[in-house]
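Single-structure report; data block below.
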């Protein structure tokens, strides 16, 4: 049977999602727990391979396993997993469902704190200099019209193309926080953090909207003025038909 999990995790202590030799990753912890439960190796596929230090609120995973009561599975996994990884939902899905390839869109948020926070410090980027939110919003609107994100992709990423369709790109102001929300059909390695860093430099007055357009048009990653740290980034949702 094919099983779908929805996970929430704090990525602060992990070297990203994907298994890597000599590093602690979220995928490794999940597969270890599944191996204990099923008493056999289980390989999982995720909707998005989050980078080192990046968090997820609703990561979607699928795997094939022997028949099982999914309610019992969910309860057991939450007992086996570390406290910073939680199974929110477990369900049986059609054998053609694929966590990654069946997804039609994904959404991320990035949170900037404008004041010191002890409790949430691992989930924000704390900035104290003034930011022009109106200008940053205009930059976010520009991004909605972009289609080729090579300039905002990490160098040497192995991808077939750099095209992404952005459905939403906006800033949201809350008490002592600025939240960037972006939804697209796909994301490139390091893309959101590069976009946020660029928009912050726009808000600081270090670059202009014309500079943002030039970065996009020249498709040169070295022109991106700043990459935001991983701490503020969260994979929020994955959308399916």
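Just so it is clear, glycine is given a Cβ too, placed from its N, Cα and C backbone atoms.
TrEMBL labels come from automatic prediction, so no person has curated them.
According to TrEMBL, the protein has these features:
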DOMAIN    8-101  domain 'Pseudouridine synthase I TruA alpha/beta'
ACT_SITE  51  active site, nucleophile
BINDING   108  substrate binding site
DOMAIN    143-241  domain 'Pseudouridine synthase I TruA alpha/beta'
Can you tell me how the residues of the domain 'Pseudouridine synthase I TruA alpha/beta' (8-101) break down into helix, strand and coil by DSSP?
27 helix, 23 strand, 44 coil
Model confidence for the domain 'Pseudouridine synthase I TruA alpha/beta' (143-241), as mean pLDDT, reads 95
Go ahead and report the DSSP secondary structure tallies for the domain 'Pseudouridine synthase I TruA alpha/beta' (143-241): helix first, then strand, then coil.
35 helix, 27 strand, 37 coil
